[in-house]
Amino acid sequence: MRNLESNLNYFKSLLQPSTKIMVMVKAYSYGMGTFEIANLLEKNNVDYLGVANTFEGAELRNVGIGLPIMVMNPEVESFDLVIKHQLNPVIFSLKSLNVFLKYIETNQHLLPIKPYPINIKIETGMNRLGFNIRDLEKVAEEIKSHPLVFVESVFSHLSAADESQFDDFTNQQIQLFHQSAKKFCSTFDYPILKHLLNSHGIVRFNNAQFDMVRLGIGIYGFSSDKETQQNLLPVSTLTSKISQFKTIPKGDTVGYGRAGKATKELSIATIPLGYADGLNRRLSNGNWSMMVNGKKAPIIGNICMDMLMLDVTGIECKAGDNVVVFGKDNTIVEMAEKLETIPYEILTTISPRVNRIFSYN
Ligand SMILES: *Cc1c(COP(=O)(O)O)cnc(C)c1O
């Protein structure tokens, strides 16, 4: 947890002192945990937490988190929970705007604060969520005619901030956002926060901080920028323990489909982790190695649902010994490369049944 704090402080050092910080804690804080991470961020005085859906926001409220929580994609069916838990919804389409305004009008007595804050997302090139720029004038007028809501922020999202071959495109997104947000905000007579940058954006387009940034993967210890990566500390390791140790003769096979073959006498360690724990089955048959007492032991045979076997031949070990699934010597970045994906997916697919242990030392 100290490392997470250190990463937060590193990103703070890249920002103007006045720039606000939203930390994205969607998907169980990128797989790390709900309460513990949000609680630490609250203690560190970040300005906002960001989640994907209403359920995630409600979960944070239920464990006592009081920070403002912005919900990126609140389903129209969940607006009652948005209000109940005092979550800050993102409105990205005329439909969501109209449904929300209607909900607010008919449920005035339920509003914990008046006027109620909403956040407007503008489409600038990601083509995921957001108002088309040509609709913004209409949106502004509509909102102005409803005194029960106010715009707390207006934002957009970069689609390739970490890829230099698309820097022209990113700069175009920045310009589009700058112009359209300015025009939109000029309709209102109160200040509205503007925000655009994700983690990569903070590192590579530092001059587009606007009023706030939305920090995600970086705080969890990852950056595709080499220099930034060197300044970040690792936040998570996954460990397990050997359930059983055995020696098998030449000619035996290991696991389902007899996929693991003993071409000589082998030592085998069974580990209580499988694909149901989020360990991708494509890591089977030597495609990943775990650290056993400081040495690399490859996975032998197919990964099972709840278990896998390691070839620990030549490694001194016994039942009960620790195993590092990923850590400093076999990193998440390497695992992501093996699986042709990104660290985000590795982190967020570790299943909830894997116990998260938090230490602060
Ligand atoms: C997830 C998310 C972020 C954070 O992105 P990172 O690449 O993890 O920094 C920022 N903004 C929005 C809208 C997001 O959904």
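Using the three backbone atoms N, Cα and C, a Cβ is placed for every residue, glycine included.
As recorded in TrEMBL:
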- Lys26: active site, proton acceptor (ACT_SITE)
- Lys26: N6-(pyridoxal phosphate)lysine (MOD_RES)
- Arg128, Met305: substrate binding site (BINDING)
- 235-359: domain 'Alanine racemase C-terminal' (DOMAIN)
- Tyr256: active site, proton acceptor (ACT_SITE)
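Where TrEMBL records a feature, it is marked here on the structure.
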residue	record	Cβ within 10 Å
Lys26	active site, proton acceptor	18
Arg128	substrate binding site	12
Tyr256	active site, proton acceptor	13
Met305	substrate binding site	11
Inset, instruction - Could you tell me how many residues in the domain 'Alanine racemase C-terminal' (235-359) are helical, how many are strand and how many are coil under DSSP? - result: 23 helix, 38 strand, 64 coil
Legend entry - Assigned conformation of Arg128 (substrate binding site) - DSSP reduced to three states: coil
Legend entry - Spatial separation of Met305 (substrate binding site) from Tyr256 (active site, proton acceptor) - C-alpha basis, Å: 11
